[in-house]
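**Student:** Encoded as C-alpha cells, here's the structure I'll be asking about.
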Amino acid sequence: MEDELRCPTCKQLYANPVLLPCFHALCLGCALDIQTPYSPGSALPGAVNGAGAASAAGHNGLHGNGGGAGGGAAAPVTNPNGPGTRHSSHSSAASTASSNTGSESVTSDQDQSDKVSIFSEADSGVVCCSNTSRPVSYAGTGLLPGVGNVVAPPGAAYCLTCPLCRKLVFFDDGGVRNLPTYRAMEAIVDRFCAREALRCQMCETDPKVASLICEQCEIRYCDACRELTHPARGPLAKHTLVKPRGAAQQRESVCGEHEETLSQYCLSCKAPACGLCIGELRHQAHDVQSINVTCKAQKTELSHNLQQLSEKARSTTEFIQRLKGMSDKVTESCMEFERLVHAQCEALIQAIHDRREYLLEAIRMDKDTKIRILKDQQSNCTGKLQQTTGLIQFCIEALKETDSAAFLQVGSMLINRVTNTDMTWHQEVTNAAPRVSPIVDLTLDDAALARAIDNLNFIQMRAVKDGDERCPAAPMTPTILPSDCSAENNSVTVAWQPPNHSFVEGYVLELDDGSGGEFREVYCGKETICTVDGLHFNSMYNARVKAFNSAGEGEYSELIGLQTAEVAWFTFDPVLSGGAGSGLIFSKNNATVSVEGWEHRVALGSVGFSRGVHYWEFTIDNYTADTDPAFGVARIDVARNKMLGKDEKSFAMYIDRQRSWFQHNSIHERRVEGGITTGSTIGVLLDLERHTLSFLVNEMPQGSVAFRDLYGVFYPAVSINRGVTLTMHTAMDAPKMDYF
C-alpha cells in the first residue's frame, strides 16, 4: 500500500495532499512547485497542438468540506463540437490561506503518441471557489492559443499538468491553493505513520510518544524533552514545531460557507452540503440524501467491489504460489530428465559396445574360418606334392634299372601314372587358387547409425495433467528446402526438412491446380522428397507440406512456387502404345517409329494435355508404300489396332501423296489438296484454350480448323503401317494462325 501513499513528484509520503480534478493527488508543496503562470499566448507545459474538441466551462458553487474553507460545485460542461455532456465533481477543501477569488480548471487528455489533441470530448470544466457567497461565472469563448480549438477559460492565471495522466488544469489567481484537501489520503497517511510508533528521540530511557517534531532539526520531542532541549528562545525561536504524522485529531466536516455540519449530499451536484445550502437556489429540485446514507451506500458498494477484487487477489496469490511450486517442480523434473537422458545414452553406449563385441567376434570367427580353410588347402596341396615327389623319385629309381625285362614290367604303368599325374596337376595345383581371400572383404556400414546419432534429439510431448499418460504432441511445421526443389518438363520435385523436436509418423504434400486454386493432396508417406508427374505445362504450382502423428496434424509449411516448362518435351511411349506385341518399332530414344505389318497401328505420346497451347511436328523419314498415315490426338483408351480417327476416342488427319481428310469416329470430311512425300513435315496444333485442333503440312495450314469443342485429356497420336517411318519433334513454339 505504501506506493499508493507516495507523491508521484517527490516520491515521499503525501504532506498536505490536494486532489486534482482528475482524482490524482499531489503534495501541496509539489503542486505549488509545478504550477506555472499562464497568460494568453504563452506555451503550455506538456501541451501539443491538435484539432480536438473544445470544452466550455460552466459555473456553479461547490461547497467543500475542508477546515473552514469554501468550495465550488461541479458544473455541467457542454462540448461545442459534439453532443456529449458529462458532470464531474470532487470534494473541495481549500487551505486556510486560500483567497476569496474563484478559480476555474479545465482538464484535458493529452495524447503524446499521435499528437492529435490534448483535450478529450469527455473532459469537463470545473468552477472552484475558495470562500465566496456568490457563484463565479466565466463565459469566455476565446481559443486557447497554440492548442487548436480548445476553449481557454477567461481569467486563468495558472495552469498545471498532472504528472500521471497529463491532464491540464487551469486556476485563477489563487492557483493550486484552491484545490481541495485530500482528507481521506491525509487520514490514511497519518494512520500509516502512526503504525511506526513515533517516539521521542531525546528521551534517554523508555522513549515517550512524540508530541512535536522540528521541521528544521528533523527531531521528534515529547513535551518534557522539548522544554529541556528545544526551548522557544534564541536561534531556536525561529524553528517550526509541528505535530508528527499520526497525531492528527479527528475533525468534523463543516460547510466552508455557513460553518454548519455537512449533513446532506446532493446527488445531482455530487457534493456534500449543509442544511442551509440545501435551501438555496442552486440545489432547488435536486435529489438530496443524508450524507451518512450516501456514505454508507458507497462504502457498501466499495466493500462489495473490494471483496471481488480480494478474491481475484487471492486467486492471483494462489497462482503465484503455484508458479513458485512449479519452479521447484521444473528443477526436479529437469534433474529427473537429465538422469533419464544419461541412462538412455549409457544404454545406447552399452548397446554400441555390445554390438562392437559382436562385430569383433564375427571378424575373429571369419579369421578362424579362413585360416582353417587355408590350412586345409595347404594340407591337401602338401599331400599331393608328397605323392608326386614320391612318384618322381620312384620313377627315377626305375630308370636306373638295367634289367630291361624288369623295367618293361612296370614301364607302361609308370608312364600312365606320370601322364595322369601331369594331366591332373594342372587342374589341382597349377590353376588352383586360394579358396578364400586373405583380405577381409567386409566393411562396416556406420553411415545410417551416424546419421541417426546426428538426428538424435528431443521430441515435444503433449502437455497432460499429473498422472495421465504422456504422448507426443502434434508435430511442428516442416521446412521446405528450396535448393533441393526443382521443376522439369511437366513434373515438380519438392523436398523438405523434418521439424525439430517432433515425432513424425508421416507427411502430406499438397499442390494447387497451377492457377491459384484449391490445394489437393498428392502424396502421403514417410519420405521427405516427392516428385509429382503429369502436371500442366507453363503453370506455376504452389506446394505446401505438413507433418502428422497420432496426436494430430501440424501446421502447413510456407508455400513454394514451382514453374513447369513453357513448352512440352515428350517422345513416343512404347507402353501406352501397346507394348511389345503392338508391332511398332521405336528408335532414336523413342522419337522415331515404324511398323512391319500392313495393319494400321496407333502410337501415343508420353504426355497428355488438358490445358494450354501445344505444337509438335512429324518428319516423314520414309514413305514408299501407297498408304495413308494419320496424325492427330487421342484419348488414353483409343483403339490401337485401327487407323487414327476410326473411333470416337481420336481426332485425326490422314493424308496421302495428293490430298488429306479430317476424320473422327469413322466420319471423314473436308478434303484438302496437297499431299506428302519423303522429307515432308506434318504439324499438329492443339489449342486447349480455344479447344481446337489444326494441322500444318510443310509449315502451311492444311485447311481451316479441323476440330472444335475438344475438352478433356488428349495424347499426341499417329497411326502408320508398313512403308512409313516418321520422327516426332517436340518442345516447339506454337505458330501464329491467322484464320482464328
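One-based numbering along the chain as shown.
The backbone N, Cα and C atoms fix where each Cβ goes, and this holds for glycine too.
Sharing the record's features from Swiss-Prot:
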- Cys200, Cys203, Cys225, His230: Zn(2+) 1 binding site (BINDING)
- Cys255, His258, Cys277, His283: Zn(2+) 2 binding site (BINDING)
- 294-324: coiled coil (COILED)
- 399-459: domain 'COS' (DOMAIN)
- 474-567: domain 'Fibronectin type-III' (DOMAIN)
- 549-736: domain 'B30.2/SPRY' (DOMAIN)
- 64-114: region 'Disordered' (REGION)
- 7-30: zinc finger (ZN_FING)
- 195-244: zinc finger (ZN_FING)
- 250-291: zinc finger (ZN_FING)
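Quick one: how deep are these features, and who are their neighbours?
**Tutor:** Within 10 Å of the C-beta of His230 (Zn(2+) 1 binding site) there are 17 other C-beta atoms, taking all protein chains into account.
Neighbours of His283 (Zn(2+) 2 binding site), defined as other CB atoms within 10 A of its CB across all chains, total 21.
On the 0 to 100 pLDDT scale, the model's mean across the coiled coil (294-324) is 89.
With DSSP classes pooled into helix, strand and coil, the tally for the domain 'COS' (399-459) is 36 helix, 0 strand, 25 coil.
The zinc finger (250-291): residue composition by secondary structure is 8 helix, 11 strand, 23 coil, according to DSSP.
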**Student:** Could you state the whole-number distance in Å separating the C-alpha atoms of Cys203 (Zn(2+) 1 binding site) and His283 (Zn(2+) 2 binding site)?
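**Tutor:** Distance between the two Cα atoms comes out at 55 Å.
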**Student:** Among the binding-site residues Cys200, Cys203, point out the residue whose Cβ has the most other Cβ atoms within 10 Å, with all shown protein chains included in the count.
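**Tutor:** Result of the Cβ crowding comparison: Cys200.
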**Student:** Sorry to bug you, but what's the C-alpha spacing from His258 (Zn(2+) 2 binding site) to His230 (Zn(2+) 1 binding site), rounded to the closest Å?
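**Tutor:** His230 (Zn(2+) 1 binding site) and His258 (Zn(2+) 2 binding site) have their Cα atoms 40 Å apart.
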**Student:** What else in the chain is close to the coiled coil (294-324), if you only count residues 6 or more beyond its ends and a Cβ gap under 8 Å?
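**Tutor:** Residues packing against the coiled coil (294-324) from afar: 265, 267.
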**Student:** Per DSSP, what is the residue count of the domain 'Fibronectin type-III' (474-567) in each of helix, strand and coil?
**Tutor:** 3 helix, 44 strand, 47 coil
**Student:** Relative to the mean position of the Cβ atoms of Cys200, Cys203, Cys225, His230, the recorded Zn(2+) 1 site, which additional same-chain residues have Cβ within 8 Å?
**Tutor:** Gln201, Met202, Pro207, Lys208, Ala210, Ile219, Arg220, Tyr221, Cys222, Ala224, Arg226, Leu228, Thr229
**Student:** Using C-alpha positions only, work out which of the binding-site residues Cys255, His258, His283 is nearest to Cys200 (Zn(2+) 1 binding site).
**Tutor:** Cys255
**Student:** What does the DSSP secondary structure composition of the zinc finger (195-244) look like, as residue counts for helix, strand and coil?
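**Tutor:** Breakdown, helix to coil: 12 helix, 9 strand, 29 coil.
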**Student:** Give me the Cα-Cα distance between Cys255 (Zn(2+) 2 binding site) and Cys225 (Zn(2+) 1 binding site), rounded to a whole Å.
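**Tutor:** Rounded to the nearest whole number, the Cα-Cα distance is 39 Å.
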